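S.K.: My questions all concern the structure below.
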Amino acid sequence: MSREQPQRPGASQEPIKYGDVFNVTGELASKPIGPKDAAAMQSAENKILGETPKGGAAAVMQSAAIANERAGVVSHNQADVAGDQGVTVIKSDADGDVMITEAVAGQIVGQYRQPDASAVTTPAMLVDPGSITIGEALEAAAISAADKPIDQSDAAAIQAAEMGATGSSEITPGGIASEAQSAATRNARTQRFEDQVTLSDVLSDATAMLPKDKAVTREDAERVVAAEVRNNPGMSTTPGGVGAAMAAAAKRNQNSTI
């Protein structure tokens, strides 16, 4: 397959920029993400972490760079930021956990904790073993609506689900909500269906990617459904999608307690 593909005649596709997928400002926000930028972050993650985490900065950058190169809006050797100004991945201690901080050109693009596995209980052990958790409901959506390309309504629903699981009012840097938003941005600019990111791509390992998890309640499901409907032009949920999976899980959990 050719590494560079010219834009289709008459296409006015804009590249995916750092500001589209990360909370950055200034000149960096307007820079397109190129393949060498993504490769530099992947190399830094491998060196410091020993792997490229799913949903981490490198994975987000690689997804954007592939879309940009396929659209012909960046070259294969393009390195607008990372190659010139550098990327960093830092591990530091934070109250017994390991804090991972990832930055591009001095601006943080991802920050999350890695708990000490010997000192914590896994999420599955924190909930009633007979209940369906938010992570499990999201993984069910990854199966029932596996091939659905992620759009803004899906991203909003996933964000609401992640916040319900973590109890936080902010999304987790490098988490499933962040990855879903990146996918929705990419898909809106990707014409070929087969090149779009699907629910299965993002949610298949949802339980492992959530820093915390909990049993789905009716209130959790209502928030997720509302977020999905509010961001869908048709004002509806996707059959078998995130909202539907959460609603089904909430109903089963409620019935199991009767």
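Each residue, glycine too, has its Cβ placed from N, Cα and C.
TrEMBL does not curate its annotations; it predicts them automatically.
Grabbed the feature section from TrEMBL, which reads as follows:
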type	residues	note
DOMAIN	16-71	domain 'SMP'
DOMAIN	132-189	domain 'SMP'
DOMAIN	197-255	domain 'SMP'
S.K.: DSSP helix, strand and coil counts for the domain 'SMP' (197-255)?
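M.R.: Taking each residue of the domain 'SMP' (197-255) in turn, the totals are 36 helix, 2 strand, 21 coil.
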S.K.: DSSP helix, strand and coil counts for the domain 'SMP' (132-189)?
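M.R.: Taking the domain 'SMP' (132-189) as a whole: 39 helix, 2 strand, 17 coil.
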S.K.: Mean pLDDT across the domain 'SMP' (132-189), rounded to an integer, is what?
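M.R.: Within the domain 'SMP' (132-189), the model's average pLDDT equals 91.
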